[in-house]
Amino acid sequence: LLFAMGLGTTITFASSHWLLAWMGLEINTLAILPLMCQSHHPRAVEATIKYFLTQATAAAMLLFASITNAWITGQWNLEFMSYSLPTTLVTVALALKIGLAPLHAWMPEVLQGLDLTTGLILSTWQKLAPFCLLLQINPSNTSLLLILGLASTLVGGWGGLNQNQLRKILAYSSIAHLGWMILVLQFFPSLTLLTLLMYFVMTFSLFISFKVNNSTTINSLSMSWSKTPIISSMVPFILLSLGGLPPLSGFLPKWLILQELTKQSLAPLATLAALSALLSLYFYLRISYAMTLTMSPNTLLNALPWRLPSNQHTLPLAITT
C-alpha cells in the first residue's frame with residue numbers, strides 16, 4: 001500500500017497529461033484508504049469514509065475540469081490552462097483535495113479518527129501531488145488564490161483555539177500553513193516549496209514526539225515530563241517554530257512570504273496573515289505550557305512508564321527537531 005501511495009504521487013509528478021495526473025491522484029487516495037481503517041475502530045472507519053467521499057468529489061471535479069479544458073482547447077496538456085472556467089474549477093478541486101478553507105471541514109474530522117502515523121502521512125505526503133498540480137497550472141485567477149489562502153490562515157487560527165484534541169489542533173495548524181503557501185504561490189512558487197518543506201519537517205517531528213508520548217489530548221501531555229523528559233523539553237521549540245517565532249526556523253518562510261506580499265503591494269493582506277499567525281501561536285503556546293510548565297500529580301503510578309525501557313525509535317525525531 002505504501003508503494004502504491006508512492007507510485008500515485010510519482011505518476012502525478014511525472015505527468016503532463018491531465019488523465020495521467022488524475023489517475024495518480026486516484027491511486028494515491030485508494031492506497032491510503034486501507035491504511036486509514038486498518039485499526040477497524042468505528043471512528044477510523046468513519047474518518048476513512050469521510051476522506052474517501054471528499055477525495056472522490058475533488059477527483060471527479062478535477063476530471064470534469066480537465067475534460068472541459070480539453071473540449072475548449074483540444075489538448076490535454078497541464079501547462080495550457082488558458083481559459084478561466086476550467087482553471088478555476090481545477091483550483092477549487094485541488095483546494096478541496098488538500099483541505100483549504102472554506103473547503104476544509106473534512107480535515108479535522110478525518111485526522112481526529114486516525115492514529116498518529118497515518119495522520120502524519122495524511123498531513124504531509126498526501127499534500128504533495130495536488131501541490132505539484134497547483135504549481136504547474138499556475139492559476140491566472142489571482143483573487144481566488146488570495147481568498148483561499150487568507151481564509152485558510154484565519155480558519156486555521158480560529159479553529160484551533162477551542163480544541164483539546166491534539167490531532168484536531170494539528171489539522172487546523174495544517175490548514176493555516178497551507179494558507180500561507182497558497183498566498184504566495186502565484187508570485188514566488190519556489191518560496192511555496194520552501195514553506196512546504198519546512199512544514200513537513202516540523203510536522204514530522206511533532207507527530208513522532210506525540211507518538212512516542214502516546215498522547216492525543218492536551219491533558220495527557222502533562223504526563224510527558226515523567227515519561228520522556230528530553231522530548232518534553234524539545235517539543236516547545238518545534239511548536240514555537242510552527243507558530244513562526246524568530247529565531248526558530250519556522251519564522252523564515254513566514255518572513256519571506258510577508259516580504260513578497262508587501263513587494264506585490266498587498267500590505268493589508270500581509271498584515272491580516274501576520275495577525276492570523278498570532279492566533280495559531282496562541283494554541284501552540286497552550287500545548288507548550290501543558291507540556292513543560294505543568295507538573296502532573298506525581299504519584300508512583302505516573303512515574304512508572306519512565307522506568308520501563310522504551311522501544312521507540314527516536315533517531316528520526318532527533319534529526320528532524
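Each residue, glycine too, has its Cβ placed from N, Cα and C.
Of all ranges given (224-245, 290-311), TrEMBL attaches the label transmembrane segment to 224-245.
Listed as Cβ neighbours of the transmembrane segment (194-212) (distance under 8 Å, sequence separation of 6 or more from its ends, same chain) are residues 116-117, 119-120, 123-124, 127, 131, 166, 170, 173-174, 177, 180-181, 184, 228, 231, 234-235, 238-239, 241-242, 249-250, 252-253, 256-257, 310, 312, 314, 316-317, 320-321.
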